[in-house]
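K.L.:
Take a look at this one; I'll ask things after.
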Amino acid sequence: MCSGVSPVEQVAAGDMDDTAARFCVQKHSWDGLRSIIHGSRKSSGLIVSKAPHDFQFVQKPDESGPHSHRLYYLGMPYGSRENSLLYSEIPKKVRKEALLLLSWKQMLDHFQATPHHGVYSREEELLRERKRLGVFGITSYDFHSESGLFLFQASNSLFHCRDGGKNGFMVSPMKPLEIKTQCSGPRMDPKICPADPAFFSFINNSDLWVANIETGEERRLTFCHQGSAGVLDNPKSAGVATFVIQEEFDRFTGCWWCPTASWEGSEGLKTLRILYEEVDESEVEVIHVPSPALEERKTDSYRYPRTGSKNPKIALKLAELQTDHQGKIVSSCEKELVQPFSSLFPKVEYIARAGWTRDGKYAWAMFLDRPQQRLQLVLLPPALFIPAVESEAQRQAAARAVPKNVQPFVIYEEVTNVWINVHDIFHPFPQAEGQQDFCFLRANECKTGFCHLYRVTVELKTKDYDWTEPLSPTEDEFKCPIKEEVALTSGEWEVLSRHGSKIWVNEQTKLVYFQGTKDTPLEHHLYVVSYESAGEIVRLTTLGFSHSCSMSQSFDMFVSHYSSVSTPPCVHVYKLSGPDDDPLHKQPRFWASMMEAANCPPDYVPPEIFHFHTRADVQLYGMIYKPHTLQPGRKHPTVLFVYGGPQVQLVNNSFKGIKYLRLNTLASLGYAVVVIDGRGSCQRGLHFEGALKNQMGQVEIEDQVEGLQYVAEKYGFIDLSRVAIHGWSYGGFLSLMGLIHKPQVFKVAIAGAPVTVWMAYDTGYTERYMDVPENNQQGYEAGSVALHVEKLPNEPNRLLILHGFLDENVHFFHTNFLVSQLIRAGKPYQLQIYPNERHSIRCRESGEHYEVTLLHFLQEHL
């Protein structure tokens, strides 16, 4: 049996006997600390993340030309402060002995993409928050490879340009063309119609529109917005992902073009379709967050569903438009499901993902129930949608016209008693004509507790339905029998599926390329396996680094953005070569470099990764930044930097000198810095992450304290009487938990933007991990730090709270409520507010102030 008090607590409870062994951090003035931060930021500018991303390979058809591909991407050219559209030419031949550094070529001529003074519309600013975007300029683009059309948002407008396609490839930068509009307000989420690139869709004032790039014609397809600017008057939207869907499910769109068109009537009219989500938030609570225009004493209003309260009502609909030979829109029609969405799918709370099969025969969607423990993958034939009409008689007539064998198909189901981590990995194969079988690739975490790839074949069995009669579907009403399910990967490791991870499927060679952690949970690698005869898994990237890869459409090349804790990011292009009769074993050959690793700042010392076993025999990983002024026998003040929540992994073999540069700054001043991924962090399987289920804040600190004990014993320079705990968001929440439950371990806590009462956080996140409040009252109370302030220490200068006043994610209410409770309990605290910041600190001056505040608080009070 373990004793009630850990060795960490025993040592930390009293002062160290030998004060001479203490290393004391040199105290600097406020201006002195500012100079230190300026210096670290200046040197970090040399390695700041200017790496290219969002790659598109296009093969060049000229067999006699010197280049095989043109590679498009977003990047920040040298000397620029904003992202732009760039390209590089990939040569057909390279000299083995020479390092070929590809030049980054500007696609756009003298183009400023950032709005004047960096002022974005409210919609763009909030989307940047949800996507955690810090860069300016062009941050995304849509591309139609056959026509060479690029479409992107910039300077509060939309622009397009062409390269490749029938017009050939440009040789010098071009002026992008602005797409004029009659709409007021920003045009969000622009998408090219894959079946006819003359058309594109966009969202304006919460409604779905289409426009013709060539003629300028615009057509509003939905009519949810009532014309008033107020949130209260406009609860409905079409084609827009709500706050919770963006923030908690990583879905940033609510509309999807059908990839094919159909021709109808004697005039040969072309029909184009868009699947979209319609949302009604009229029963969702409205909250008021201070507006950036504070001097006007305004507030911004948001629909924000708090845990246990009502979510939006949702439905999937179709927008159809018919065009003539000149590309003129002849008509448009709004269609709804033959029976109400809530009747057909009564248990569905969230539409997690949606799209179309490549042949356009089916729309598909991933449906999730409210507890997020059951996911259904559903096919919806377009014939299941009928025109939205006012009269019941017309609706009945339209329903009667739907063939009886047209129905939804539930082709796959995932069920767990933990929670489902939503992801994008789904590849449907084209369905053979006249066949009932439907085959697809899917990643599933629920089967084994680790995310793996499966090839699934189902039979699309139909029943006869009278769609004029109300249907009360049974639990398995539309469920299709599974004929075959083959595991392509297996083991205690993960196929990467979250946060935008992709697979690339070569249907000619029957190979699937994916990223995973097969070799170590600390590194991401690119692998390939046959999906026809599942067997050997081949790794294509080099061990000792963590990689993020993009494959070419012809599967002959890939780009890897890779780094390690000691090597800043590189971006290299590789060519797969080998015999065509054995494509699985084609070897990657280094072809060219797009970016070489920059030199680290002279004072940068990479962290050291370690692992240890807890008393419960769970292996955990951590990393330590050793103090740069290390002297034998001296004990150093220590900062435990923590996140500790789900969906995040801090400890891995990737470069930390950009995002976490401040941890190196702390080490340069004489602090030891420790980071530990405890139970609840990701990339270790569902049950490791699921340790938090219904008990957030109750298991994480034990792992952190055991990690501190381990590093203190292993390294010998940790001063256990001078430990600070610091984190942001979930890390801010755990910093408070540490000081509440382990005040004898943590001398000070610095908590940034903490959730302090789970009852005030959103449905999608809180209920996934904590259930609804009525089912888990004890968990909610135990996990809400504001309800336990009496356990916080009575000594001043042990607690610092930081929060952005405009935070629309973890609302400032959390800090407000905590401070009220602290005052009521007579507890000391310090509070730093950032009046113009949201959940993440964006402004350079605010970021500098936060870092100086952190250093000053630590040097004075640790």
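Each residue, glycine too, has its Cβ placed from N, Cα and C.
In case it helps, Swiss-Prot gives these features for our protein:
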- Ser729: active site, charge relay system (ACT_SITE)
- Ser729: Val-boroPro binding site (BINDING)
- Asp807: active site, charge relay system (ACT_SITE)
- His839: active site, charge relay system (ACT_SITE)
K.L.:
Between Ser729 (active site, charge relay system) and His839 (active site, charge relay system), how far is it from one CA atom to the other, in Å?
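P.N.:
Computed Cα spacing between Ser729 (active site, charge relay system) and His839 (active site, charge relay system) is 8 Å.
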K.L.:
Applying a 10 Å Cβ distance cut-off over all chains shown, what neighbour count does Asp807 (active site, charge relay system) have?
P.N.:
22
K.L.:
At a 10 Å cut-off from the C-beta of Ser729 (active site, charge relay system), count the other C-beta atoms across all protein chains.
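P.N.:
Taking every protein chain into account, the count is 20.
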K.L.:
Report the same-chain neighbours of His839 (active site, charge relay system): residues 6+ apart in sequence with Cβ closer than 8 Å to its Cβ, ordered by sequence.
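P.N.:
Those within reach of His839 (active site, charge relay system), by Cβ under 8 Å and sequence separation of 6 or more, are Glu129, Ser729, Ala753, Gly804, Asp807, Glu808, Asn809, Val810.
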